[in-house]
């Protein structure tokens with residue numbers, strides 16, 4: 001019998017676990033929204049070069065007050081595209097008055113001298129009152145800074161996973177979770193008062209640093225974890241539609257996290273962590289508290305330090321040796337080590353590549369965000385059924401290769417379906433990872449795969465910059481990478497109905513499947 005059997009004896013998924021999951025779910029909806037918050041806080045409004053005093057300049061040329069509207073006058077100052085819209089980053093060196101009375105879609109403006117914007121930009125405010133793009137002019141030659149800020153946030157997620165993961169092993173899960181909520185609430189709220197782009201990026205880094213610890217804490221509830229992330233996107237679409245100023249939206253998504261920080265003090269420390277760190281008496285107190293809340297007080301009173309340590313003998317023995325990434329490569333696990341992290345990386349890479357580029361579609365970004373969130377529900381349901389009946393390996397390669405092919409089509413509907421399938425891939429890949437690695441080295445394997453996943457989400461925004469050189473290159477990259485990663489899944493073993501391996505030898509020679517009636 002192991003520690004999980006001990007937990008089952010005091011209620012398993014009882015009242016305590018329900019309260020715990022509910023509180024984590026509320027926090028998860030708020031925390032998850034920060035992953036894609038820049039879809040709205042860093043949205044790019046329609047813009048063109050600012051032309052000061054257009055009417056006065058026209059009067060000086062024409063000798064009379066103009067009764068023409070600004071949109072018509074703009075034709076003399078800014079080149080227009082084939083859709084008769086002003087281009088974003090160029091203006092004529094000298095006013096071209098003859099264009100005012102011409103149909104610019106038919107008039108040849110080739111050869112007219114142009115230059116970059118001299119007086120800044122004018123932004124349309126219908127869809128977004130203010131974003132970091134319009135406030136700090138992150139357009140034209142500076143447009144790459146928009147994607148860079150999201151990459152900096154993802155670097156924070158990566159660094160936080162490494163540092164907070166190590167600190168959690170030393171100081172406990174509860175302490176670091178409480179600190180993460182406080183840091184995210186403070187950093188997120190402070191971001192709304194950023195005086196400059198550099199300060200904004202620094203605070204976003206701190207927010208990303210804190211976000212990862214919540215996700216790590218919730219991966220044990222994988223279904224709940226993926227559900228709250230879907231809901232967070234739905235809530236964010238509605239909130240962003242109601243609050244179209246980026247500073248106010250940042251506050252609306254950050255201040256409620258202080259509530260999560262306050263009630264997180266109720267969360268108990270992990271009894272498993274306490275036992276492994278030679279604090280069995282404290283672990284017993286928490287187990288008895290949980291048993292009372294679950295209505296199993298009698299069973300809880302029967303558990304002593306000796307009983308606890310007896311159930312955890314295997315875990316205690318495993319914890320005495322620290323395994324490294326080298327151990328993964330130097331053992332028969334090298335096939336899993338080489339083949340499995342790539343799907344984790346490809347999933348994060350393509351998912352965030354799609355979800356952070358919503359403005360490329362002609363629909364309202366708020367509607368696209370909502371559609372992209374809702375599509376996850378049927379996709380996750382289907383993938384869950386596939387994992388149960390068709391196996392982990394078949395499901396994993398399907399939810400990588402099929403959406404990869406859809407991304408290559410590069411139209412709205414295939415992209416929507418692809419995004420939903422990539423979202424369902426997260427659930428599959430988390431479960432598959434935990435079943436592939438043996439107990440003695442599972443955390444090391446999961447940690448390495450998670451690091452590569454963070455690298456994937458970190459580089460996804462940077463790939464969007466490649467569209468300046470070849471417009472289809474980002475889409476090709478987001479589509480081909482998961483297809484290639486899906487090919488590596490063919491070399492992984494199936495884990496459906498296979499007992500979890502405890503040792504490295506169990507991976508090479510799996511334990512026989514348990515059948516009904518056997519003990």
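Cβ atoms are placed via backbone N, Cα and C, with glycine included.
Keep in mind the model is a prediction, meaning the values are calculated, not measured.
Record note: among 323-341, 342-360, 361-379, 380-398, 361-379 is the stretch given as transmembrane segment by TrEMBL. TrEMBL lists transmembrane segment for one of the ranges 285-303, 304-322, 399-417, namely 399-417. TrEMBL lists transmembrane segment for one of the ranges 134-150, 151-167, 202-218, namely 151-167. Looking at the stretches 78-96, 97-115, 249-267, the one that TrEMBL records under the feature transmembrane segment is 249-267. Most Cβ pairs under 8 A with the transmembrane segment (220-242) among the ranges 179-200, 249-267, 361-379, 440-463, 475-492 are made by 361-379.
Long-range Cβ contacts of the transmembrane segment (361-379) within its own chain (Cβ-Cβ under 8 Å, at least 6 residues beyond either end) map to 36, 39-40, 43, 127, 226, 230-231, 233-234, 236-238, 240-241, 354-355, 412, 415-417, 419-421, 423-424. Between the transmembrane segment (475-492) and the transmembrane segment (399-417) there are at least 3 Cβ pairs closer than 8 Å, counting only pairs 6 or more residues apart in sequence, which means the two stretches are in contact. Among residues of the same chain six or more beyond the transmembrane segment (440-463), those with a C-beta under 8 A of the stretch's C-beta atoms are 147-148, 150-151, 154-155, 157-158, 161-162, 165, 212, 318, 321, 323-325, 327-328, 333, 336-337, 340-342, 344-353, 356, 433-434, 473-474, 477-478, 502-504. Within its own chain, the transmembrane segment (399-417) is flanked in space by residues 343, 346-347, 350, 354, 361, 363, 371-372, 375, 379, 383, 424-425, 428, 472, 475-476, 478-483, 485-487, 489, which lie at least six positions past its ends and keep a Cβ under 8 Å from the stretch.
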